[in-house]
Each structure stands twice: as structure tokens, then as C-alpha cells.
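Note sheet for the following structure.
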């Protein structure tokens, strides 16, 4: 009886014959089960089976009636892994957002430049008053700056008299640089003006060596050679060449690079309220006051409807194109400083080189400027030299070992 009771309680119940389970033995089996040794009933193997099931992420874990001791730790590990994966995904999306934002800024920079050069050229060709056009551009920029400061769209700076005195030379050369550029655009094609302006690195190297004592590296000197050679080749073969336009563009290079040298020489002290955009805004306001008396004394008042009509030009078109050109002039310089705050100076220089290529190509297409193969080759060499200069100017010479 004892052996049969133990046998009937074993896990192999399906092997029993149905005829042996009768009502004659209803109680003896359960009474013997209470004294069975633990090694007879096969319960211990079950936790090992439930351990293997609990180690997976499948829904079969709920099928086990015995909780696993390691389950909470495994859940915690999975929670930590998921928690650390979320910031990485957020960082990736954040980087992608910054890249898209930077790409949008570069596109705006190039687009504003294209529109400025096209509309500015049309106004200068019709009006023949570069000083008046330059004054209008400074005036529109000053109105925008005042509007931003009045509405607190940009923080209004607190400038001391000493800082204004230090900024004044920068405003003078900034005014002259834009005036000479407009004088050149009024005399020669847009593509030729920007080809000549590709010689800015040459003036930068010469002025930095003269006033700052910066000796150029052989790499920099090597990059200047194709710039000078390309501009010379393009100038010889330029259809619209005249000395007034050529010398005006050269003077623009000289004044613009003098501004960069002066900014290093004067060392304007900057605080939190005087960043690049604020400095540009102050220079624009000062340029307006510098340009106004010179314009009225030299050209008089030529932006009136009566004068424009006497020149045989549509008044509304001149006003509209002048306004668009002035807005684009101020916008592309603001965007340029925004890009400079996000990238390295080398990247900004490369972007500026690409911008010049885009402006030259777009102006040639829009104005249908005749370009000979030799002229295009010279322009290409000059721009390639500018690109090379932007890459090698940051290379520092190796220190001499004793």
C-alpha cells in the first residue's frame, strides 16, 4: 500500500492505467504524501526551468508560478539600457538640427548676396550715383538696427566714449570699402568686380606683415601666387575692363583688409554686450553719419522722384530695387556674423570663397555677361588660390629645434 501510494503521487501520472484508480483507495494516498521525503517529489527542478524562462524577454515568463530572484535586477538593467539610449538618440537629432540650421544660414548668405549684387547693379547702372546708393544702404540698415533695439529683438549695447573712439577708424574704412565696391559695380560687370575682390588675401598678407609684424608662411605665399596671376589674366581678357572700375575694386580690397588689421591693432575691448553683430550695427550707424555729409556735398540730393524721372528711369522700380538691395546688403552681413559664431574662421573663409563663386556664376547667367575661355580660366585660377589660402593660412610653422 505504501509503495502504491508513493507511485501514484509521482509526476508520471499519465502512465497509470485508469482501472487502478478506484474508490477503494481514496485516503491512503494523501496520507502517505504528507510523509514523503522531499527527494521523491520532483519539485526542485522547477525553479531551474523557471530561471531559464525568466532570463528572456518573452511573455512566457508569466507562465512560471515561481518568481525568479534575478528578475528585478534584469529589469533594472534593461531600464538603465533604455534610459541611456534615449539621450544618444536625442543628441543625434540635436546634431542633425544644428547641421540643418547651419545649412539654412549658408543658403541665406548666398541668396542674399546674389539678390544684392543683381539689384544693386541695376540701380547703379540706371542712377549713376554710387555715393547716394551707398548712403541709402546705410540708412536702411540703420533703420533696421534701431527697430531691433527699440523692440528688444536684440539687446541694445552700452558703449563708452572710449569704445566709440576705438570703433571710429573701423567705421571709416567700412564706409570707404562699401563705397569703392559700389563705384566698381557701377563701372564694370559684377563678375569682374568680384574677380578683382578675390585679391583680398594678397592685401591681408601685405598689411599684416607691415603693421602687425606677421610673417607669412611659405604655404601662404604659394597660395597668393595663383590669386594674383588669375586676377591679372582675367583683367587682361575682361570685355568690360576700365581703369576706374578696376582701381575702385582694388581700393575696396585695401580698405576692407585695413579694417581687419585695424580691428587687431586697435584691439577694441569687448564685453558681453559687444559681440560681432552689435559691433557691425554700431559701425553701420556711424557709417551713415559719415556718409551723409560727403554725399550731399559731392552728389547732392539725387534720390528724389523729380531727379529720377529726369534721368528717364522708372521711379517705383528704382525705389523698390534700392530697398531690396539695401535689405539684402544688411541681411547677408548679419547672417555672415551668425555663421562665424557657429563655425571656425577657416570654414567661414571657405564658405566665403564658395559664395564668391556663386555670385560670379549667377551674375554671368543673369546679365548674360560675355566670358571668354581665357577669362574664365583666369577667374578659376584666382578662386582656386583663394580656396587654397583659406586652407593653409592656419598652418603654423614648426618651431626650430636647437
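Every residue gets a Cβ built from N, Cα and C, even glycine.
Marked as domain 'EamA' by Swiss-Prot: 118-236.
The topological domain 'Chloroplast intermembrane' annotation in Swiss-Prot covers 83-98 (among others) and rests on sequence analysis.
If you take every residue in the topological domain 'Lumenal' (120-131) and average the pLDDT, you get 94. For 120-131 (among others), the entry in Swiss-Prot reads topological domain 'Lumenal', with the evidence type sequence analysis.
Across the topological domain 'Chloroplast intermembrane' (153-209), DSSP assigns 47 helix, 0 strand, 10 coil. Swiss-Prot lists 153-209 (among others) with the feature topological domain 'Chloroplast intermembrane', giving sequence analysis as the kind of evidence.
Summarising the annotation, Swiss-Prot assigns topological domain 'Lumenal' to 231-278 (among others) and lists sequence analysis as the type of evidence.
Annotation comment: Swiss-Prot describes 299-374 (among others) as topological domain 'Chloroplast intermembrane'. Residue counts for the topological domain 'Chloroplast intermembrane' (299-374) by DSSP state, with H, G and I taken as helix and E and B as strand, are 57 helix, 0 strand, 19 coil.
For 395-402 (among others), the entry in Swiss-Prot reads topological domain 'Lumenal'.
What Swiss-Prot lists as transit peptide is 1-82.
A Cβ distance under 8 Å defines the sequence-distant neighbours of the transmembrane segment (99-119), meaning residues of its chain 6+ beyond its ends; these are 185, 190, 194, 321-322, 324-325, 328-329, 331-332, 335-336, 338-339, 342-343, 351, 354-355, 358-359, 362-363, 366-367. Taken from Swiss-Prot, the feature transmembrane segment applies to 99-119 (among others).
Look at Swiss-Prot and you will find 132-152 (among others) tagged as transmembrane segment, backed by sequence analysis.
Taken from Swiss-Prot, the feature transmembrane segment covers 210-230 (among others).
Positions annotated as transmembrane segment by Swiss-Prot, on the basis of sequence analysis: 279-298 (among others).
Per Swiss-Prot, transmembrane segment is recorded for 375-394 (among others), and the stated evidence type is sequence analysis. Using a Cβ-Cβ cut-off under 8 Å and counting only residues 6 or more beyond its ends in the same chain, the transmembrane segment (375-394) has close neighbours at 191, 195, 198-201, 217, 219-220, 222-239, 345-346, 349-350, 352-353, 356-357, 360.
Long-range contacts of the transmembrane segment (210-230) within the same chain: residues 195, 198-199, 201-202, 261, 264-265, 378-386, 388-389, 392-393, 395-397, each at least 6 residues beyond the stretch ends and with a Cβ under 8 Å from a Cβ of the stretch. Here the topological domain 'Lumenal' (120-131) has Cβ contacts under 8 Å with residues 179, 182-183, 185-186, 190, 291, 294-295, 298-299, 302-303, 308, 311, 313, 318, 321-322, 325, 329, 363, 367 of the same chain, all six or more residues outside its ends. Helix, strand and coil residue tallies for the topological domain 'Lumenal' (231-278), in that order: 34 helix, 0 strand, 14 coil [DSSP].
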